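Listed features, source TrEMBL:
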type	residues	note
REGION	1-67	region 'Disordered'
COMPBIAS	24-36	compositional bias 'Low complexity'
TRANSMEM	101-119	transmembrane segment
TRANSMEM	125-149	transmembrane segment
TRANSMEM	177-196	transmembrane segment
TRANSMEM	208-226	transmembrane segment
DOMAIN	236-409	domain 'FAD-binding FR-type'
TRANSMEM	238-259	transmembrane segment
TRANSMEM	265-282	transmembrane segment
TRANSMEM	415-438	transmembrane segment
Amino acid sequence: MSAQHGRQPCSARPLKDGNEVWGTDTGSTTSSSNSTLEGASTPPRLANKDNFGHEQTPLLSTTRRPKPEKGALSFTYQVRSWLMYQPPAIPYVHKTLPSNGATLALSAFIGLNIFYAFYRVPLTIPMLFIFADRTALLFVANLPILYLLAAKNQPIKLLTGYSYESLNIVHRRLGELLCLLALLHSVGMTGVWYTVLRPVGFTLARFLLTKIIVLGLGAFIAYELLYFTSLGSFRQRWYELFLVLHVVLQTAALALVWFHHSGSRPYVGVALGVFLLDRLIFRLGMKTKTMRASLSITEDGETALVSANWQLLGKRTLWQKLFGLHVGYGWKATEHVFLTVPSLSRKHVVQAHPFTIASAAPPSSDSHAWLSLLIRAHDGFSRDLLTHAHRHGSTTIRLDGPYGSQHAMGTLQDCGLAIVIAGGSGIAVAFPIVWSLLNQLPDPEGQADANQTRKKVCLIWVVHQKEHTRWIGGERLDQLRQKGLHIIIPDPTSEAGRPDVGALVEELIEESSDGRDEKIRAGVVCSGPDGMNRAVRNVCAEMVKRGRNIDVGIEKFGW
């Protein structure tokens, strides 16, 4: 049920199993603030209202599932549900698949390339050279698109609203397609040698040592190495090596393709221009700011907090308005920066690592900014930073950004019910979102019309250890609670296992529509591990299939 104006805030309520529900007391028995998480094991539920012993609480739940739609409207919900659904990972290789909608769009793009590769090219031996040449043409034609999708500052965002990280899946699939095209081109040209050149005495050694073939083989090897070092398993294990190899190999590959064939040079030139313009002009010249930051370690001992504050810059040139501002001018909720800490070591001088800004975005009326980055220590840079934080209380940092899109905020702003789910350090995404949402709403204690419906904002935060809840200060959570935020923190997963987050989301949506004839529009944004993201997405897809009006946004970990 939507929250109402004129409510009095209540304190956080610890439950008998250690879970917590934070909310605002409406005095209504059907309010979700009176719902609890019961049971110390997976999954926690919201349904038991008897814990509070309210005499007006009905014995049977008044939550009603929507009646199935009929006709064209039902078909629309079925299609939306299917597009929203995310299939399980591919067995054995454990490759995570996107939603059906994303897969459909990617398949259409790849299918277009397949069509061009085989259009009016009979699969016969005499046409083998034509096929090999066609795959090479497709390869170089897609090169500028590949680099445009990878650029942090790109015109595609101006056209679609999607930032580079949202389009990263297209960049990866296109990169894989180019590696396949390079393989087909190499196999095809080898077939040409075997069927045409070998019979006339052109030996394999002579063929392989020809200048154009040597350069082509070098480019082929470089791009195949790019593919294998870009696999998720490699990135997760050797992320810093991946960053270095990605730059070195793609630079070498571009040079080799340039000299391999003169027909490739216009495409290689455009791709190189996109890369240099993004890296040198925009990122280093316009979007980078150097500042002093304080370092601290959270209570769990495995998380570093990087904090900085400064006076916001006010004067903006036309060039900056068109092509972006650096972080000195502020940022928006869900945006991220690339962090460089030169004092860690020589190798870290040229490394930049992406982190979501965990602090609330400064409103346009403020003249000062406070920025915080929450960094969990794993290996490499994050571990070196944690070690450095043990020895030093401050350091000089370089921030490149901010980057990101506002689709998560757009998903929630126009909804009657906004649910934000954070898994662990995903709170770095969730906290700025709920802060921004609640500061756009009227004061729940203000003198507004008592019948006016307010947006209901819920935060579900799943943590591994109880100490992780202190990543966000208690005072900030209290401020959000007083503004009307409902906070649900299940028992730590280290003690109670993984909660059924999908069930929590489903019950929140069902309870918010309790007693209403109209269907509440719900927006759900999840930032957590792949398993949590998929569970939330698919629960929402199932509810859409039953007739609920739900929008879902996923803020995915990883790059």
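Using the three backbone atoms N, Cα and C, a Cβ is placed for every residue, glycine included.
Across 101-119, 238-259, 265-282, 415-438, the stretch most heavily in contact with the transmembrane segment (177-196), judged by Cβ pairs under 8 Å, is 101-119. The transmembrane segment (238-259) shares the most Cβ pairs under 8 Å with 208-226, out of the stretches 101-119, 125-149, 208-226, 415-438. Listed stretches 125-149, 208-226, 265-282, 415-438 were compared with the transmembrane segment (101-119); the greatest number of C-beta pairs under 8 angstroms is found for 125-149. For the transmembrane segment (125-149), same-chain residues at least 6 beyond its ends with a Cβ under 8 Å from one of its own Cβ atoms are 113, 116-118, 155-156, 164, 167-168, 170-171, 174-175, 177-178, 181-182, 184-185, 187-189, 191-192, 195-196, 257, 261, 263-264, 267-268, 270-272, 274-275.
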